[in-house]
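Below: the structure, in structure tokens.
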């Protein structure tokens with residue numbers, strides 16, 4: 001940490017204060033309950049999808065390899081931020097250490113960029129599944145390729161996070177310790193700094209633009225080809241089945257990308273911390289909570305696998 005990251009007392013900056021909704025005390029209890037329930041649901045839902053994708057032989061296809069990684073990402077997403085938020089809401093102190101803050105936004109950006117690429121890989125899988133005959137699908141989307149795509153996603157996300165951390169830890173804060181957010185996030189850190197943040201703003205916009213817009217363009221291109229192929233299907237049942245396999249993914253993509261685009265791809269001068277903190281709350285807890293239910297409610301294979309898993313657990317409990 002640079003020597004100019006100091007507190008008002010002249011010593012080293014050791015803590016940040018996460019404002020959250022401290023300025024609205026009446027909102028803390030209901031928000032605490034919503035976050036706690038959402039976190040429990042997110043944990044249960046994503047762990048269940050990871051388990052059935054791993055244990056059920058019928059879910060060993062590429063689609064569920066990507067889905068299990070998406071669930072793992074969502075699980076890590078919520079665990080990175082929500083426990084700290086719950087602790088702060090239940091406590092009179094709303095602090096987080098400088099080191100804890102750095103780790104939090106480093107992991108958060110790593111996971112976010114990784115998820116962008118995983119969602120793009122899932123769109124590619126749906127394109128190959130619908131637009132190519134079954135034998136070619138198995139040849140193209142083999143297990144090794146899926147693992148390589150996932151590895152690229154994780155490594156690319158880590159590279160982006162590393163750049164953001166290196167730039168952000170060099171920012172001086174001149175005694176400013178109050179973050180108008182629920183957790184530590186790079187845009188909020190940049191906004192808090194007392195130095196010229198042009199390099200940080202530009203780097204953030206370029207890297208996030210690349211990791212958001214390029215995968216999103218590939219997703220939209222994939223679904224353009226999928227829509228054309230589906231419209232050529234003669235039977236209405238076949239079209240309905242094809243759309244059904246893609247609709248869940250499209251909903252998840254919308255829930256993830258729309259808040260991210262609003263949050264990160266607007267000019268720094270228009271960035272509002274008040275709006276930003278509630279939008280970040282949405283994609284850090286609401287989206288990971290909804291994703292498992294979106295996939296299970298509209299996917300017969302996952303629902304069947306969950307029933308089989310629950311039946312096995314019930315038998316083990318009774319024996």
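In case you wondered, yes, glycine gets a Cβ from its N, Cα and C as well.
Packing against the transmembrane segment (29-52) from elsewhere in the chain are residues 21, 59, 67-68, 71-72, 74-75, 78, 82-83, 85-86, 89-90, 285-286, 288-289, 291-293, 295-296, 302, 305-306, 308-309: each is 6 or more residues past its ends and has a CB under 8 Å from a CB in it. Under the heading transmembrane segment, TrEMBL lists 29-52 (among others).
Annotation source TrEMBL lists domain 'G-protein coupled receptors family 1 profile' at 45-295.
Here TrEMBL flags 64-87 (among others) as transmembrane segment. Only residues 6 or more beyond the boundaries of the transmembrane segment (64-87), in the same chain, are considered here, and those with a CB under 8 A from a CB of the stretch are 18, 20, 32, 35-36, 38-39, 42-43, 45-47, 49-50, 53-54, 96, 100, 104, 107-108, 111-112, 114-115, 118-119, 121-122, 125, 143, 146-147, 149-150, 153, 182-183, 252, 284-285, 287-289, 291-292, 295, 301.
What TrEMBL lists as transmembrane segment is 107-128 (among others). Sequence-distant neighbours of the transmembrane segment (107-128) (same chain, 6+ residues past either end, Cβ-Cβ under 8 Å): 62-63, 66-67, 69-70, 73-74, 76-77, 80-81, 136-137, 140-141, 146, 149-150, 152-154, 156-158, 160-161, 164, 183-186, 208, 211-212, 215-216, 218-219, 222-223, 225-226, 245-246, 249, 252-253, 256-257, 260, 284.
If you look up TrEMBL, you'll see 149-173 (among others) marked as transmembrane segment.
Look at TrEMBL and you will find 206-231 (among others) tagged as transmembrane segment.
If you look up TrEMBL, you'll see 243-265 (among others) marked as transmembrane segment.
Per TrEMBL, the feature transmembrane segment maps to 277-297 (among others).
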Practice prompt. Could you give the residue numbers and ranges of same-chain residues that sit at least 6 residues beyond the transmembrane segment (243-265) on either side and whose C-beta is under 8 angstroms from one of its C-beta atoms?
Written response: 70, 112, 115-116, 119, 122-123, 126, 129-130, 187, 204-205, 208-209, 212-213, 216, 219, 223, 226, 230, 276, 279-280, 282-283, 286-287, 290-291, 294-295, 298-299
Discussion item. As a test of reading the model: what is the averaged pLDDT for the domain 'G-protein coupled receptors family 1 profile' (45-295)?
Written reply: 84
